[in-house]
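Feature annotations, courtesy of Swiss-Prot:
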type	residues	note
TOPO_DOM	1-335	topological domain 'Extracellular'
CARBOHYD	61	N-linked glycosylation site
CARBOHYD	112	N-linked glycosylation site
CARBOHYD	126	N-linked glycosylation site
CARBOHYD	144	N-linked glycosylation site
CARBOHYD	166	N-linked glycosylation site
CARBOHYD	232	N-linked glycosylation site
TRANSMEM	336-356	transmembrane segment
TOPO_DOM	357-374	topological domain 'Cytoplasmic'
TRANSMEM	375-395	transmembrane segment
TOPO_DOM	396-402	topological domain 'Extracellular'
TRANSMEM	403-423	transmembrane segment
TOPO_DOM	424-592	topological domain 'Cytoplasmic'
TRANSMEM	593-613	transmembrane segment
TOPO_DOM	614-629	topological domain 'Extracellular'
């Protein structure tokens with residue numbers, strides 16, 4: 001055996017693969033092993049390779065092969081196996097049982113078997129699609145100093161789902177005692193990446209777990225597939241159908257067949273039952289219906305790519321008795337501004353009285369007023385000017401008229417700012433409820449209904465949030481005997497429209513379509529919305545140890561990059577309601593006018609009371625004195 005040339009070939013292969021650790025299973029003599037190791041440790045090589053020799057002679061049991069011989073913490077460990085050894089077949093069979101022909105091990109299987117013999121040996125082995133297995137066939141050259149090594153790429157698209165062994169010639173190396181060089185290519189493998197050469201799964205039938213909630217599972221598979229394939233009524237089972245259509249695109253990219261496994265829920269608990277449980281126990285290779293990537297699931301699954309958006313909300317119209325606001329006419333200014341403005345008006349009222357007094361006492365008779373107004377009258381003039389009211393009394397002096405000019409100017413500025421703020425407030429969208437969180441909703445007196453979705457019930461059962469526990473106690477447990485607690489999305493949305501104050505909990509991908517169907521644009525803007533649960537992204541999942549992980553990730557990225565994913569998502573997933581308030585006129589309701597009318601009524605009552613007091617005062621306390629002769 002030309003061990004020096006073989007050592008050079010192995011070292012060159014490790015350099016090209018960027019691997020620095022190798023375990024060599026061999027049946028050489030001690031001096032041959034020493035010669036091979038000496039060639040490894042020569043300083044002419046560009047890298048230092050950690051190597052470990054395992055003598056296969058005398059090993060009767062290869063059980064726990066990975067645990068006993070391949071323990072490592074490296075991303076990839078190289079494994080050399082001399083398949084000419086008698087014990088090599090038992091070792092390779094055990095590796096197949098333990099499913100370690102995968103991307104974490106770089107296998108170099110060296111022998112001189114023909115391709116047909118190698119196919120017969122490996123046809124039954126469980127070699128994965130991500131396997132990094134190379135069969136190396138050696139042939140000694142005529143000059144006896146160089147050895148030719150033909151390298152073949154070996155993989156299987158999936159033995160347990162119908163895949164066949166694939167052995168493709170890659171290239172040929174010629175090695176002498178000093179160096180190795182590539183002499184020729186045996187195929188076009190080098191023109192593409194590893195997964196570029198393995199992207200077509202024409203010989204396998206992928207098992208795909210799919211959720212169907214809007215149709216009974218008693219229907220035939222063809223009927224369920226026909227329902228999921230439809231493109232109308234996107235609000236019915238939209239998440240499941242969105243994922244199903246993405247899976248059909250993946251099927252076309254991989255040129256494979258698919259067998260769909262149907263279930264009526266994502267899972268019974270976090271990782272048991274449903275489509276998620278099917279992937280966890282490896283009865284399915286992929287989930288077509290996107291699901292949440294929870295902490296418990298990520299122990300068994302890998303999230304490949306984001307393929308959905310999960311959003312549950314509570315919508316309701318503001319109750320008629322919840323929108324009365326008495327402070328809308330005071331909001332433009334803070335209390336301090338109102339106090340200062342009142343003080344300025346009072347000061348001007350005093351200055352006006354002083355002005356009128358001086359004009360009556362000091363000016364010429366032809367310029368004097370007919371009478372001196374009281375201090376109360378000047379206060380009334382001042383506050384009337386603030387309300388854009390004129391006055392029958394006008395100062396005749398230059399100073400008095402300057403006071404009037406300042407009064408009307410400041411009143412004009414304040415009035416215009418005040419009216420602009422009030423009008424914009426009154427003509428904006430009608431008053432919204434102050435309920436913004438689940439805690440406030442649970443503490444309110446509003447009636448609640450829910451859409452009967454499995455993940456909503458699961459969230460109520462397993463959520464640890466205190467506001468959800470309070471919501472269950474006050475809104476759910478009190479209605480356990482109410483048959484209308486769980487309502488279909490269409491009925492729930494119609495009840496929200498008919499009953500202000502009725503709260504309906506639904507998933508946006510299904511419920512928003514009914515809202516847009518039954519509500520006008522103005523009514524949509526009037527709706528209150530409370531987030532039922534934190535917004536979550538949905539992912540397509542594979543088993544954590546799935547050999548298709550990288551291939552599927554690359555294919556889904558291709559779907560994302562070409563814009564196909566965005567098109568499908570915009571068609572199937574409704575993210576938000578569109579409120580276009582500028583397209584209609586909003587009328588001012590009683591929630592704003594009622595406080596104003598109440599203020600006017602109170603003022604009228606006060607005026608009548610004052611009038612009665614004045615009449616009584618005049619009648620009983622200001623009687624004319626009777627003079628007797």
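Quick reminder: no glycine exception, Cβ is built from N, Cα and C everywhere.
The Cα of residue 61 (N-linked glycosylation site) lies closest to that of 126, out of the glycosylation sites 112, 126, 166, 232. Per Cα geometry, 126 is the residue among the glycosylation sites 112, 126, 232 nearest to residue 166 (N-linked glycosylation site). A distance of 22 Å separates the Cα atom of residue 126 (N-linked glycosylation site) from that of residue 112 (N-linked glycosylation site). Listed in sequence order, the residues of the same chain lying 6 or more apart from residue 112 (N-linked glycosylation site) and placing their CB within less than 8 Å of its CB are 84, 137, 138, 139.
Fewest Cβ neighbours within 10 Å among the glycosylation sites 61, 126, 166, 232: that distinction goes to 232. In terms of DSSP helix, strand and coil, the topological domain 'Extracellular' (396-402) has 5 helix, 0 strand, 2 coil.
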